[in-house]
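Record features (Swiss-Prot):
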- GLU223: active site (ACT_SITE)
- CYS257: active site (ACT_SITE)
- CYS476: cysteine methyl ester (MOD_RES)
- CYS476: S-geranylgeranyl cysteine (LIPID)
Amino acid sequence: MSAAETGSEPSQGAGPSEATLHSLREAFNAGRTRPTEFRTAQLRSLGRFLQENKELLQDALAKDVGKSGFESDMSEIILCENEVDLALKNLQTWMKDEPVSTNLLTKLSSAFIRKEPFGLVLIIAPWNYPVNLMIIPLVGAIAAGNCVVLKPSEISKNTEKVLAELLPQYLDQSCFAVMLGGPEETRQLLEHKFDYIFFTGSPRVGKIVMTAAAKHLTPITLELGGKNPCYVDDNCDPQTVANRVAWFRYFNAGQTCVAPDYILCSQEMQERLVPALQNSITRFYGDNPQTSPNLGRIINQKHFKRLQGLLGCGRVAIGGQSDEGERYIAPTVLVDVQETEPVMQEEIFGPILPLVTVRSLDEAIEFINRREKPLALYAFSNNNQVVNQMLERTSSGGFGGNDGFLYLTLPALPLGGVGNSGMGRYHGKFSFDTFSHHRACLLRSPGMEKLNDLRYPPYGPWNQQLISWAIGSRSCTLL
């Protein structure tokens, strides 16, 4: 289960409006979003939205998932501001036609790739990072020149309210719209034809979205989840590993799609790692983590009940406490976990960390490779060869050696899954490229027709030899 798994009652809000969608498409067809000046103005307005409503967004995130101001700043607002700034600085460069080399046959022509907006795009965001996972794709869609329909998650209802009420005040409402509702409203929205769909959520819901997109042959990006492995080598300092793993496992109460979902290590390392994890948890959240302002809460009762059920897997080595009234689950470590148990069959998406023992690096790699490809994979070792072996012999959306998801702070690196964890990528220029159609263009002179005679029938050995030489491939049969 992942970010877009729903189950709450639909929030009150507007369903898909034919008139709104028609108006947005008309605005795009009129070319309103194409000029650089328009895109720049909208990006600047988006930056102002983040700056002027920072406290409102922080309050909403605190109410929804108990995020501290630090977590809201680091994982939501600052990253969004960075993306806006990067797009503003590089927009003209990104938009430029990209010249490509020609062969002898097209030597006197102009060949280039033009980046064009797709048109009307739909962005569906989840509840776990409801600002980040809506605004960062939006930056790319605006920069690429699209009109956009935004669908925030109804589960993070306080953040949804801020986004729905305030964001439209900063953007051109003839080109951008926020639509509200739950699963049924989203289903209705997906019945309409869009030119691109960007979805973040679970593989289960991702398949539903992809099926809907297929009816219109709509291209799509799916940012999904999965069970992210974390391998810990015997030569590691257990306290260093514990500090880093505990921080990015329990960040946002474990409700992070790139968080480590389980640890693979030897029995010997497990015996050293468990007390080190206890030290880290106490250091980060105190003797009673329930009173810590730095530990979030589970999003709703449905997810709380699901996570409570997973506490019965294996043996609780650390934590295990819960409080339904507060939707609190303590930072928990499970040991003696079997691969067949429920905690190893679904994405946990909570502050629970199972430890699974393996006898070797090879066994760990085999364990990982017989499962679905994860969104992220982590390896800790003092031996670079071990980290490189894990990198070279596995497949995942992203990879971290001796650290967690700090790579997400680098817009020069793409975020995206592979296989069951998704398709497509974004962040930085990757977002611009995702929301742009790369159009192949060749412009030739209308004159000098005599030069074209060699490609016209009737064909003979001389034509064939010259054409093969001119296009640089004797095996080519296109001309």
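Yeah, the Cβs are placed from backbone N, Cα and C, and that goes for glycine too.
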Mapped DSSP class for CYS257 (active site), helix or strand or coil: coil
Integer Å distance between the CA atoms belonging to GLU223 (active site) and CYS257 (active site): 9
Secondary structure at GLU223 (active site), reduced by DSSP to three states: strand
